[in-house]
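TrEMBL lists 1-21, 72-83 with the feature compositional bias 'Low complexity'. The feature compositional bias 'Acidic residues' is assigned by TrEMBL to 57-71, 628-638. Residues or ranges marked as compositional bias 'Basic and acidic residues' by TrEMBL: 589-602, 679-699, 881-890. If you look up TrEMBL, you'll see 603-618 marked as compositional bias 'Basic residues'. TrEMBL lists 703-781, 800-877 with the feature domain 'RRM'. Summarising the annotation, TrEMBL assigns region 'Disordered' to 1-35, 49-86, 589-699, 878-902, 920-945.
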Amino acid sequence: MATAAAASASEPEAEPAAGPKAEGEEDEVKAARTRRKVLSRAVAAATYKTMGPGWDQQEEGVSESDGDEEYAMASSAESSAGDYEWEYDEEEEKNQLEIERLEEQLSINVYDYNCHVDLIRLLRLEGELTRVRVARQKMSEIFPLTEELWLEWLHDEISMALDGLDRERVYDLFEKAVEDYICPNIWLEYGQYSVGGIGQKGGLEKVRSVFERALSSVGLHVTKGLAIWEAYREFESAIVEAARLEKVHSLFRRQLAIPLYDMEATFAEYEEWSEDPIPESVIQSYHKALQQLEKYKPYEEALLQAEAPRLAEYQAYIDFEMKVGDPARIQLIFERALVENCLVPDLWIRYSQYLDRQLKVKDLVLSVHSRAVRNCPWTVALWSRYLLAMERHGADHRVISVTFEKALNAGFIQAPDYVELWQAYLDYLRRRVDFKQDSSKELEELRSAFTRALEYLRQEVEERFNESGDPSCVIMQNWARIEARLCNNMQKARELWDSIMTRGNAKYASMWLEYYSLERAHGDTQHCRKALHRAVQCTSDYPEHVCEVLLTMERMEGTLEDWDIAVQKTETRLARVTEQRAKAAEKEAALVQQEEEKAEQRKRMRAEKKALKKKKKASGGDTRRADEEEEQGDVEEEQPSKRRRVENSSPLTGAVPHGEVDKGLSGTPAPVDVGPPSKQKEKAASLKRDMPKVPHDSSKDSITVFVSNLPYSMAEPDVKLRPLFEACGEVVEIRPIFSNRGDFRGYCYVEFKEENSALKALELDRKNVEGRPMFVSPCVDKSKNPDFKVFRYSTALEKHKLFVSGLPFSCTKEELEDICKAHGTVKDLRLVTNRAGKPKGLAYVEYENESQASQAVMKMDGMTIKENVIKVAISNPPQRKVPEKPEARRAPGGPMVPRQMYGARGKGRTQLALLPRALQRPGAAAPQAENGPAPCPAVSTSAATEAPKMTNADFAKLLLRK
């Protein structure tokens, strides 16, 4: 029997019999080991046989013939063990080492999902039935298991079930399985397995209970619910009792009232089975269900045609069900969507929010919240909602506290997430306190929690993220409010606010005014005055506001002496601030003036060169040579820091205007090989005479791609590139672009016969050609589409992708991928290079889901690779800056402010705008709309032209005016 084989496989190996030679003992040990491995495989094979379509009510699950076959396999394996013992030894040793590594990894990080899956797979392969059961139990306690993992576990346990006690354990396992996700296949297996125990006490009621629960769970499933209904009907039909016929009638009628696929066949089957005519009410319900099915079919067909995870299709289906408003169907479609999108936090939030606000069933609501945090433990919003739901439904305080501790160990990816979690828990503790009592156990617990929260943020969070996540000290502010308003303990509140100000918040006027409001409401005038005096001296962002509040208070409540002191302090402070702002404005104006002078100087030099060019033309000189010299001279004057690039330097990328195909992207001559002047002149003259202009037909842009960043030294680029692009489709023409001297400019146009070929050619982007990454982009006329940009990668927050910096330049893609694979499944890995193909020490690593990415951040950040300490963070690139149009940088009625005034790297983040407000408001204040500034009225062109222009002297007077 297979079960006996399983039992023998799980038992420890018997000691080898003593023999005359040590070698004989060793051979027998090896044979026993080999027999155990073959038996474990026989158990797995028998398991799948037993759970096939023909299985019905067998309790043992395997026939004797199957068992004989398995023992024959074992005997055969024993007899041939000598042939395979080396192979098995090597495989077993390799697997054991991998098992030890995975167990060690899980002891460090128990939330490594892939580690759990790999460990279960290897233990099952090695026949370690007891250890694989323990591994599965540990994983199921942390993560919800997929349908495939549950079915595999259930099949193994069913094959080893020997008696009624084992059957009860399998029942308990089925109950756990159906809690994780709504899976029709698991419910079907559950119903079929319960049929096998019908001979036991209460077996018939157990079977019906399982099938009824299955119908309530997945009976409304449009595509898969039919199997559950049919299995239930077949079971009832098999019971030979006249009283059971009404039960079958009831099942038919219930099924025909629900919109399911293949309803017509079910109705025909009912007509054939029933001896009496079908009642009219049943026919009406059937036709009504058919009409409803037509409404559901578009959404079901969209799911069938789309590829997993089909989130957009499920969202549309959910919106439809929400409009219809049937709670059972809404719950079902949410559950169906979560099977494929279990790692989408927003979907869990929407589902739990619906249950919290509409159904409000305690067991259902708490179950969904629990599953949500098990699937997406890195999402703080789910934990916060879970704590609120537990409090709302009266959960025990110890249970809520345990849940909060689990949340702290979930591994959030941002420091503010911990602040949000602590706030949710502290709010819960505050609501438990009865503040009418002077002292209570709940109040002491609340204060202890506040103290622990501050300590946790200071030690754990700051050490991990290099920031507390609470720069404004929101938690301390809440604590101070509770002490002042609810506990009447202003002394403790003042101590907390002193601590808040010493943490870098004393420079903000809003913080001082918040403290002042608290003192005003629950303190006294003396402390209010003291707080405002300190605020006047410390505030650096809006000192005028603080000064105004101080003077208002003294005007209402202070004495003459208090008023004089306040006026003196505010005037002194404002005078110092005005002086600082004036100096900053002068410095900024000087920079603007310098830039204007440089612009005027460049303008004069260009005018002089143009005049010189006209003079040379009039004198009858060599026009062509003069043109070339003047063109090069203009470029050198405008960009004195740039020098002519060498042969393999990088050309600029992007599509060139179609009317200037004979010039470079920047309008400058291409670099040339340095050689004897005579040869250069001969080569340039001959090539220029023979080089025709390259025409470009803009009507063929859809079948043309623009190729750039090619080496300047590439000889015959059309010949070398043709085999590469012919793999994408038939190439009509490759048009390389040459300079006036006949040198290749590093870019070309590739025209295909079909548009699909051009789209396929875009996949060759970044392909290495002669040591450089080749750029392939759509052919777009930038004169007609000036804002067109091609950027392949996302610029938004991607929680499943990591940004790695600090890599050694010698690190290869394969080496980094091997390191990243230890923390999850790597979908894509990209090393960032410059235009010449040289690495920058940066990389982007994309994982399957957010959980793997967050675990990789915790494990890889600070890792040393080839003596380089790398930094790893969630990918959140800065917004790509759109080039500012010149007219957008021109101040109203004033000169254009150049971008270069901030330096080569732009305006720093820490720079303050110290320009006086009088300069920031050159005209009348714009009217404010309800939700923001109203759009400015259009100014007529005549009025705009009549506005006088300001000279440098006028601008300087405006800056220095007080």
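Numbering starts at 1 and runs along the chain as it is shown here.
Note that Cβ sites are derived from N, Cα and C of the backbone, with glycine treated the same way.
Per DSSP, the compositional bias 'Basic and acidic residues' (589-602) is made up of 14 helix, 0 strand, 0 coil. Residues of the compositional bias 'Basic residues' (603-618) grouped by DSSP class, helix first, strand second and coil last, total 16 helix, 0 strand, 0 coil. On the 0 to 100 pLDDT scale, the domain 'RRM' (800-877) averages 85 in this prediction. Helix, strand and coil counts under DSSP for the domain 'RRM' (703-781) come to 21 helix, 32 strand, 26 coil.
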